[in-house]
Each structure stands twice: as C-alpha cells, then as structure tokens.
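Okay, so here's the structure we're looking at.
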Amino acid sequence: IEKIVLFLLEQQGQLANRLCDLRQQHDVILQLSHGGSKICELQEAYRGVGHDLLRLLFFVEMNAIGLRKILKKFDKRFGYRFTNYYVKTRANHPYSQLRQVFRHVGIGAVVGAISRNLADLQDHQGNYVSIYDQPALSHPDPIVHSIKAAVNKLSNSTNFLEFLGKHAFIMQDDLRSPSEDDVAEQRYHFMSLLLNLVNTFLYMVNTYIIVPTADDYSLSLGAAATVCGVVIGSMAVAQVFSSVYFSAWSNRSYLRPLVFSSIVLLIGNTLYALAYDLNSIVVLLVGRLFCGLGSARAVNRRYISDCVPHKLRMQASAGFVTASALGMACGPALACLFQTDFKIYKLTFNQETLPGWIMAISWLIYLLWLSISFREPPQEIKQDIIPQEARAGTVVNYAVENGITQPLLLSTEPKQGENGDQEYDDGEEESCEKTRKPVTSIVSAYRLLTPSVKVQLLVYFMLKYAMEILLAEASVITAYYFIWSTNSVAIFLACLGLTVLPVNIIVGTYISNMFEERQVLLASEIMVLIGILLSFHIGIPYSIPQYVGSALITFVSAEVLEGVNLSLLSRVMSSRLSRGTYNGGLLSTEAGTLARVIADGTITLSGYFGVAKLLNATLVPSLFICISSIIATCFTYNSLY
C-alpha cells in the first residue's frame, strides 16, 4: 500500500507540473489574436494529461482489486472476517495510507484543472467566464466523463440515476474511445430517443391494461376464469420469439422494426377487441399473440446502447426504466375508466373490449408520429483493429485508451475469479479483436455464462415468476375471497406499480451505499420468500390485510431484488455480450419472459383443481423456485467470496 500511495503521489506531482506548464502556454495563447491552431494543440495536450490520469486510475484500481483478493485469502484461511478488522483499524487512522487510495483528493484537483481549461479553450475564448459561476456554460470533454466514470468505479459509489440505469440492464463499455463517442454523437437524435421511450411506455401499458378484466373477458366468451392465465401469458409466449428477431433486425435498422412493431400491435389489439362480438376465445388469444410479436423492447435497448452518447446513456437508461414503471402503473389504472357499455354499428364497447380499442388507437397515433419524426441513424462502421504502432511495447496504453478492460496477459486456460469472472495467469496475450467481438449464436452466448451469471439469471427468473403469479391471478383471487370489483382490482394493481420508483429511489440513494450488493441480494430473496409464505391460505379465514400485506412484501422485495440483480449481472457478464444480436439484455429478457410464460401456464393448469385451491397451488412452485435460488446464491457466493 505504501508503494502504491507514494507512486500515486509522485505521478500526481508530474501531472501537476505538466498542467502548470500548459497553463503558462494557455495564458500566452489567449493574448494572441490568431491562435486557432495553437488552441487545438493545447486542447490535445490537456487531453493527453487526462489519458495519463486514466492510466494512473487503472493502476490504482488493479492494485485495489489485488489488495481485496489478498484480504479475502486471509479471511478464508483464518476462518473469520480479518478484512473488517484490517480496514477498520487502517482506514480511520490519521496517518492512513489506505484512505489516500480512495479519497481521490489530488485526482479531483487534476480533473478540475483539465475540465476548467478545456472549457475555457472551447467555449469562452477571451471571455474569462468561470465554470464555477455559470456551470451551465460548461460542456465537459469526453475524457473528463471517462475520468469521472473511472473514479466512480474505483470508489464503488452509486446513486439513484446509476441504479435506475443498471436496472434497465443496457450493457455498455466502461470507457469508449473518442472515435466511438464521435460516432454516437452523429447517430444521436433526441426525438428518436423519445419515440423509443414512448414505445416502451405504451408496450407496458398494453401488457397490464387487460389484467383486471382478463377473467371477466374469459367468462364472457364461455371459458373458465382461470383461462386469464393463458390470455395474459400468450403475449409473453410470442415475446420469447419476437425478442430474438427484433434484436437481429436492429443490427440493420431501427425505424423499420419499430414500424413493424406498431402495425402488429395495432392488429393485435383490434383482434382482442373484436373477439367479444365474434364470441371467439381463439380470436382473443390470436390478438394477444400478435401483441407479443410486436414487442420491440430489444430495439429500444439497442437504440440506447448504440445511438446515445456515453455521457447521456445513464439518463436514457433511467428513462427506459421510468417509462416501464409508469406503463406498468398506468395500465391497470386506465382499466378503472372503462366502466361503460354501449354499441356502435354492432361493435361493443365495454370494460372488456375498450382496452383493446384504446390501445389500437394509441398505436395508430404512435405509428403516425413515428413516421414523421423518427430519424434513422447512419450505419455504424466498426473498426476494432489495433493499429500497427499499438502493438509490441504500447499495447497496454492502447488498450486503456480504447476502453478494453479484459486482462492483457492471458494463458490458454482461464480460472474462476472474483464475481465468477474468468481470470487468466500471465502468459499469452489475448487478441483485443476477439475480446470485443460480439457472439454470433445463442450457444456461444451460453458458453460465456459463468456460474455466478447463471445464478443471477436464476434469481431473475424467480422474481419474474413470483411477480407474474401475483399480478396475473389477482383478479381471480380477489373476486373469490373478497368479492372485489374490477375497479378495486385495478386500483390495487396500480398502487403496486406506483411503488416501483419510490423503492428504487430508496435503494439507489441509501441502501446500495450502506450495504454490499450481495447482502442486499440475499436479504431481498429472503423477503420474497417471507412474502410467499405469508400469502398461503392455511386454516384461518383469508383476510384482506393478509393478502394485501403479503402481496406488498413480495412485490416490493422483488423490485429491490430486480435492481440489485441486474446491477450485479451488468458487472459479471462478459463484455462480448454488450453488443450484437445475442447480447446480455436479450438473455435477461428471455429469462424473464420465460418465467412469465411458465407462471401464466401454472395459473391455467392450477385452475383445473378449482378456484378454491388456485392460490396455494400456484404458490407452491413459487416457494420451491425461491428456496432454490436462495440456496444457489449462498453456495455460489460463499465459494467465490
């Protein structure tokens, strides 16, 4: 640690000397009337200091990881938490060298000098307007964003916006090269991003708007109330397949998949509404299948990942999650407004058909807006080949500057390391092109999944299964036990949906800063288990407080679990799954969609035992899957940590 700290201070001093020299040149250039070329050279010199600071941060991060692994070895061999004692006694001492590594005081001063001088050179030539007095006038350089990202990663800091961004599970590189940032700037279009977020919102509304009335609609067509599981789940069945072809289609275009999605959803909702007058459960299911075939969430994720600049991607990812949460809450809430019954030209408009008609009109309006306002981004030309001069002695610097975060010296046989990632001994040099090349098949993607990633996907499957069971059977359970009306069910589901953002605020702002993500993960799983156990109807009469309380515990705990789970997934999943058709977002979407399909099928199959046994029959599989995920989590992380 002493070597790290002294070397860090020495390097910071050298950077400070370079900044002092550049500042003298800066003052001379600003006095010249024609200093355009000199200003460009000076800007590049400041960026060069920034790149050297990035390399220094990577040096500190590698040593911090090494220190943590050494302490973990002591924990494992001593049989008790030596790490806690070591950090507590060293970090709080007035002469602490350990604290110097994580305080970043000197680094902050260097970043401030680079940012301030670049802003002066870029926007305020001769005006002498300080970025401290008018922060809105400052346009930070990409290198400043990269440094801030590296500092945040090193200090493991988090906030609400970052937590929401990870919740979206939009895979992204840690640091992008300047050329990649320029390409993203050219491809970015605010209205196109907004249209993608509106697509996300409308699709989530489309998914949940029928939940309060699905059982009544099934009864109106002569089917059992529990057929609502098939009605709701048929959309998820189609989504399993649509996610793959939409992800592949987005490699070539973004506009055409969105247009196709809108048309298919328009047809699907129209068929859903017409099924009532046709008195056909088949038409109803076909309509919902069409709705699932129009799921463009893979396109929405890919657009944010590929076409939004790095500095805006966290905000866009948070917007994606917010749009999904609002859609989930607005869907059931809208169902409260459809308590009417009338006919126009033999077409029936009531609480069962109006969700279909309203969504069909919404998708038609969206299609027109999309056709007018969406701008197809230019095709990205990928160049992942390392220049000749970057080989041999300078390969390390090239890798750092281009955001290649995989190990540079590798052996042919990887071994399991921290978080289940693959680690390599010193030996052969891994090809940077292979490191960044996306996978081309689902089999290749599966081979890249480490044990910890598989456990995280199992946890994601479990929480989606438990949430779908709770939401999809709510109308049947509440009608049987409490004789709730459609309005009551819709309000209850809307209130559950409205808890998503407040819960994420609490977790992202406070809990994730107080506890390790692994601890929050396990605690959330246990709370989901408690919620499931409290939901069972055994012996005593089933009451509204028991149902509402257990549902709230299950749903809120699952929401916390989803955010933490996807945050961990984004860190332990291979970087090769950050792009391409078979990316990490697609894998997580498929796991969650498959869970919803099985959950909805479970509801329908359990209906054959009668509504009286439906609740317990659907909770037993949830209980089994939850216990399995807890055991897998404990086993995996005990072996890794």
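Glycine is no exception: its Cβ is also placed from the backbone N, Cα and C atoms.
Feature annotations, courtesy of TrEMBL:
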- 420-431: compositional bias 'Acidic residues' (COMPBIAS)
- 1-88: domain 'SPX' (DOMAIN)
- 411-432: region 'Disordered' (REGION)
- 193-211: transmembrane segment (TRANSMEM)
- 223-246: transmembrane segment (TRANSMEM)
- 258-275: transmembrane segment (TRANSMEM)
- 281-299: transmembrane segment (TRANSMEM)
- 320-342: transmembrane segment (TRANSMEM)
- 354-372: transmembrane segment (TRANSMEM)
- 457-483: transmembrane segment (TRANSMEM)
- 489-511: transmembrane segment (TRANSMEM)
- 520-540: transmembrane segment (TRANSMEM)
- 546-569: transmembrane segment (TRANSMEM)
- 614-638: transmembrane segment (TRANSMEM)
Original post:
Which range out of 281-299, 457-483, 546-569, 614-638 gives the transmembrane segment (258-275) the most CB pairs under 8 Å?
Top reply: 281-299
Subject >> Confidence summary for the domain 'SPX' (1-88), mean pLDDT rounded >> reply: 80
Original post:
Do at least three CB pairs under 8 A connect the transmembrane segment (320-342) and the transmembrane segment (193-211), leaving out pairs fewer than 6 apart in sequence?
Top reply: yes
Original post:
Hey, which of 223-246, 354-372, 546-569, 614-638 has the most Cβ-Cβ pairs under 8 Å against the transmembrane segment (320-342)?
Top reply: 354-372
Original post:
To the transmembrane segment (546-569), which of 223-246, 457-483, 489-511, 614-638 is linked by the most Cβ pairs under 8 Å?
Top reply: 457-483
Subject >> Of 223-246, 281-299, 354-372, 489-511, whichever stretch has the most CB pairs under 8 A to the transmembrane segment (457-483) >> reply: 223-246
Original post:
Mind checking which residues reach the transmembrane segment (223-246)? Cβ under 8 Å, same chain, six or more beyond either end.
Top reply: 207, 210-211, 214-217, 257, 261, 281, 284-285, 288-299, 472-473, 475-476, 479, 581, 586, 589-590, 593-594, 596-597, 599-604, 606-607, 611, 614
Original post:
Taking a Cβ cut-off under 8 Å, which residues six or more beyond the ends of the transmembrane segment (354-372) line up next to it in the same chain?
Top reply: 195, 198-199, 202, 205-206, 209-210, 213, 255, 258-259, 262-263, 265-266, 269-274, 287, 334-335, 338, 340
**OP:** Provide the three-state DSSP residue tally for the domain 'SPX' (1-88): helix first, then strand, then coil.
**Re:** 79 helix, 0 strand, 9 coil
